[in-house]
Amino acid sequence: MSATDLAFDRDHIWHPYTSMLNPAPVFPVRAAEGVRIYLDNGQVLLDGMASWWAAVHGYNHPRLNQALIDQTHAMSHIMFGGLTHAPAIRLARHLVELTPAGLDKVFICDSGSVAVEVAMKMAIQYWQARGQGSRQRLLALRNGYHGDTTGAMSLCDPETGMHELFRGAILEQFFVAAPQSSFHGEWHPEELAEMESTLQQHHQQIAAVILEPIVQGAGGMRFYHPAYLQGVRALCDRYEVLLIADEIATGFGRTGKLFACEHAEISPDILCLGKSLTGGYMTLAATLTTKAIAETISAGGAGCFMHGPTFMANPLACAVANASIELLLESDWQQKVNALQGWLESGLAPARSLHGVREVRCLGAIGVIELEHPVDMRILQPQLVEAGIWLRPFGRLVYMMPPFIMSQNEVAQLTATTCQVLADYLN
Ligand SMILES: *Cc1c(COP(=O)(O)O)cnc(C)c1O
């Protein structure tokens with residue numbers, strides 16, 4: 001890539017969460033294959049990010065490539081209004097069968113944020129149809145992350161989500177503190193008290209509780225106790241509030257269960273999926289709900305669910321999602337994710353003794369080093385790349401969620417290098 005191209009990128013292209021005045025450097029990628037990213041300058045990076053949880057089978061997978069090629073020859077896209085196609089039907093069959101019991105109606109969306117918007121609208125339309133139009137707000141957890149569109153933003157942590165800046169432009173939602181009991185630790189039932197009192201006081205205004213089951217991702221990489229999720233399910237039932245599970249990051253095996261709700265053996269009323277749905281190939285998401293909710297919405301004033309994106313159920317995206325799901329189910333994914341957890345635990349253990357490290361924690365194929373202070377990405381990122389690994393730390397978190405296909409030796413290399421670079425950085 002020429003210097004001119006890079007200068008054009010810097011001057012004209014907005015990367016995620018970047019300044020146009022002082023953009024952080026970006027690394028040109030030529031190709032990616034398996035668990036490796038090939039930079040333009042010849043450097044090869046071991047990928048610890050799976051492109052933000054998504055590329056569970058690694059890059060350039062022959063089966064996923066073939067699914068796209070085959071589907072391209074039939075049709076790349078066709079509108080979904082008034083028409084249907086086999087890839088969408090096959091995908092919906094997979095989702096109905098695999099997701100927690102009762103989630104039988106599938107709305108296929110373009111991205112995770114849209115899946116959350118759709119979930120919010122379903123909840124609001126449901127109560128509208130039941131003659132309770134006052135229920136228009138949602139109750140979310142602090143430290144949560146649900147996406148970047150304005151509706152989804154209103155559900156993200158109010159501080160890291162910069163709600164102050166957008167006051168008046170985004171909806172005002174209810175928030176309660178995030179659970180503190182860790183996944184592997186002791187359960188403290190009093191943590192449900194704030195959720196209970198908020199529901200008791202405001203349930204007539206609340207359409208749904210939304211949360212990321214078990215793992216709070218981009219809002220802090222926190223793993224919480226399954227009993228909390230069970231408790232929230234029971235409170236939602238008691239106060240007749242819907243429960244939306246945002247499994248966009250956790251879905252399809254990442255936490256050691258196919259869906260994180262399974263750790264608590266609960267079914268939400270509405271479920272959002274995305275990220276690894278297509279094995280990281282392209283954007284696609286889905287929002288599922290129950291027969292009862294779908295039929296109530298459909299019997300309401302609008303007579304239908306009010307949403308329909310132009311590229312809804314894009315056949316290429318559905319085809320590659322089907323290939324990814326089938327590949328996952330054929331693999332011994334659960335054993336692999338359990339193995340990854342063990343390798344990440346032992347590999348990241350040395351970071352515990354580093355000065356400036358607060359905690360090291362692992363769950364499924366997720367490894368997190370939480371520091372005392374935020375990292376300076378402009379210093380740490382180039383050091384990681386120089387050492388041959390791709391991670392994208394944020395705030396106080398240096399974390400990894402590698403593709404499931406990563407071998408024991410590669411995980412050892414990824415974790416040892418991370419610990420080494422971090423030790424030098426913290427010194
Ligand atoms: C990434 C993410 C989203 C948003 O998905 P996009 O595809 O980036 O819009 C929503 N919720 C959770 C839990 C996520 O991790």
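The backbone N, Cα and C atoms fix where each Cβ goes, glycine too.
Bear in mind that the values here come from a model prediction, so they are computed numbers and not experimental data.
Record features (TrEMBL):
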type	residues	note
BINDING	Trp52, Tyr145, Lys275, Gly308, Arg392	substrate binding site
BINDING	Gly112, Ser113, Asp246, Pro309, Thr310	pyridoxal 5'-phosphate binding site
MOD_RES	Lys275	N6-(pyridoxal phosphate)lysine
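In sequence order, Cys156, Asp157, Thr160, Gly161, Glu212, Gln216, Gly217, Ala218, Gly219 constitute the residues six or more apart from Tyr145 (substrate binding site) in its chain with CB-CB distances below 8 Å. The CA atom of Asp246 (pyridoxal 5'-phosphate binding site) is located 15 Å away from the CA atom of Trp52 (substrate binding site). Between the binding-site residues Gly112, Gly308, Pro309, Gly112 has the most other Cβ atoms inside 10 Å of its own Cβ, all protein chains included. In the three-state DSSP reading, Asp246 (pyridoxal 5'-phosphate binding site) counts as strand.
Taken in sequence order, the binding-site residues Gly112, Ser113, Asp246, Gly308, Thr310, Arg392 that lie near ligand 1, meaning a CB under 6 Å from one of its atoms, are Gly112, Ser113, Asp246. Separation of the C-alpha atoms of Trp52 (substrate binding site) and Gly112 (pyridoxal 5'-phosphate binding site): 12 Å, rounded to the nearest whole number. A C-beta separation below 8 Å, combined with a sequence spacing of at least six in one chain, links Thr310 (pyridoxal 5'-phosphate binding site) to Met79. With Lys275 (substrate binding site) as the anchor, the candidate binding-site residues are Gly112, Ser113, Pro309, and the one with the nearest CA is Gly112. Within 10 Å of the C-beta of Lys275 (substrate binding site) there are 27 other C-beta atoms, taking all protein chains into account. Around Arg392 (substrate binding site), a 10 Å sphere centred on its CB holds 16 further CB atoms from the protein chains shown.
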